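Asker: Before I ask anything, let me first share the structure, which is written out below as structure tokens.
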Amino acid sequence: MTRVARDYGDKLHNEAFRSVPLHTNFLMNRFPNYKIGTKNIAIEPNGDPEVPPLKEIVAKETADLLDRRQRLSVRELAKKFEKGLYTATLLSNEVKWGQVALLERDVLVDKLRNVLDSLRGRVVSKNRDELESSISMAEKLAVQLPQREGELLQQKAEVKKLATSLKLASEDAKRIVDEERVNARIEIESARAAVQRVQQALHEHEELSRRTEKQDVQELKTEVQAARRIKMLHYRSKVMDMENEIQVLRAQFAEKASLSVQLRKELTMRKSPKENKDRIYELEGLESLGSCLHIIRRTNTAPNVSDCLIQWYRIQPVGSKIELISAINISGATKPVYAPEPFDVGRFLQAEITFGDDSVTVKTAGPIDPAAGLGSYVEELVRKPETEFNVVVVQENGNDCDVDPIHVLNIGRLRMKLSRGKAVVAKEFYSSSMQLCGARGGGNAAAQTLFWRPKKGLHLTLAFESVRERNAAIMLARRFAIDCNIMLAGPGDRTTG
């Protein structure tokens, strides 16, 4: 409580009496909100904005909290409780300020009553009624102020209760937040542990699947290898049986062919006994593709074949047209040994032997027969875009070559290529300048060699691994060249473009 000294009251009494004007109107239903300024002059403040009652503010905040409680998370609810607690604190401070203002108003009312009482004896009768009404209004205000103070005390108690409840609610919210945070951490840890367990299980499953897959693949490889081994064993045995059968058939065919040739010769000798007596040379060997024909003496009185001049010819079966087998730039066609090539199939072969001023001729009993199974083999190769053969270069430009490593002869649809490893020896497209034929001499090895002139200034003699591959290479190259409108033949042949 504010205490006022007696001397200060007397002084204020005298000054207030002098400062109050006579035309002051005291007929009001409430006491104005005056403030004491400098020199104890009462100043009426400017119009303040109306503040809603404290109960309405508290009720509105409480209703808002209750309304949003269901929609807010725990953390937001805690923030709301803290905000409500802060609002309640502000309201409590406002109540305190209101109590201070009431105390100041009590002091002012008491001073006003004292001033009015002192003026009662000094005021003339003209203003006495107004003074009495002012005194009565001051007494009413003195009565209303305790009532207002009681209401404020009640509001203060309610605000304290609300603040206490808000504080408790805030503490509960904080506790709930802490509990929820702990529970969330526990759930997060459990979730992490569950994720780790799942990841570990997935990793173990992947490892197991990999091991199982590797094991399955290994078992599958083992089974495939075993199946391949069994298949190869069976295939080998089957192929070996077929090869043995083919060899037996070839031997039988050769025997039959030789017997046929011998019978043809005997038949020819019987048809012309006089000519046979004068015949001192004859051809020996199978008259088929893949064999060699040798000129031999029938009598010891005949000159040695190596001392005679020899020339080989082809004879058409129809019309008996004779074609010279040239020996230009190649050994052969003038030797006592000649290996038929695919171009000779279906034609007779004849050799003219000259010794001194005399000459004799020997001729095959029939046209040259094709090799068994060679046509089907070439048809299989034609389906491929290109075929490779392992060869050895025997001669280059007529000069014998040293023992060279294996070369690869590639026969394609448009060109032929000879290479040794990555180095290319010759590579040319089919053209009219290219020549290809079988080697025309050279002993028994002539059946496995061929002559190839890829371009002018270069001609090669190549040896194959077998007679079959040599003949297949010639037929395949000529087949592809024909598709390019080129006819491949040997040097000097009439069909050479």
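Glycine too: its Cβ is placed from the backbone N, Cα and C atoms.
Curation does not apply to TrEMBL; its annotations are automatic.
What TrEMBL shows for this protein is this:
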type	residues	note
COILED	181-252	coiled coil
DOMAIN	54-96	domain 'Stomatal closure-related actin-binding protein actin-binding'
DOMAIN	100-267	domain 'Stomatal closure-related actin-binding protein coiled-coil'
DOMAIN	281-383	domain 'Stomatal closure-related actin-binding protein Ig'
DOMAIN	386-493	domain 'Stomatal closure-related actin-binding protein PH'
Asker: For a three-state summary based on DSSP, what are the helix, strand and coil counts in the domain 'Stomatal closure-related actin-binding protein PH' (386-493)?
Answerer: 23 helix, 51 strand, 34 coil
Asker: Check the domain 'Stomatal closure-related actin-binding protein Ig' (281-383) for me and report the mean pLDDT.
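Answerer: That region's mean pLDDT is 85.
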Asker: Could you give the number of helix, strand and coil residues in the domain 'Stomatal closure-related actin-binding protein Ig' (281-383) as assigned by DSSP?
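Answerer: Helix (H, G, I), strand (E, B), coil: 15 helix, 40 strand, 48 coil.
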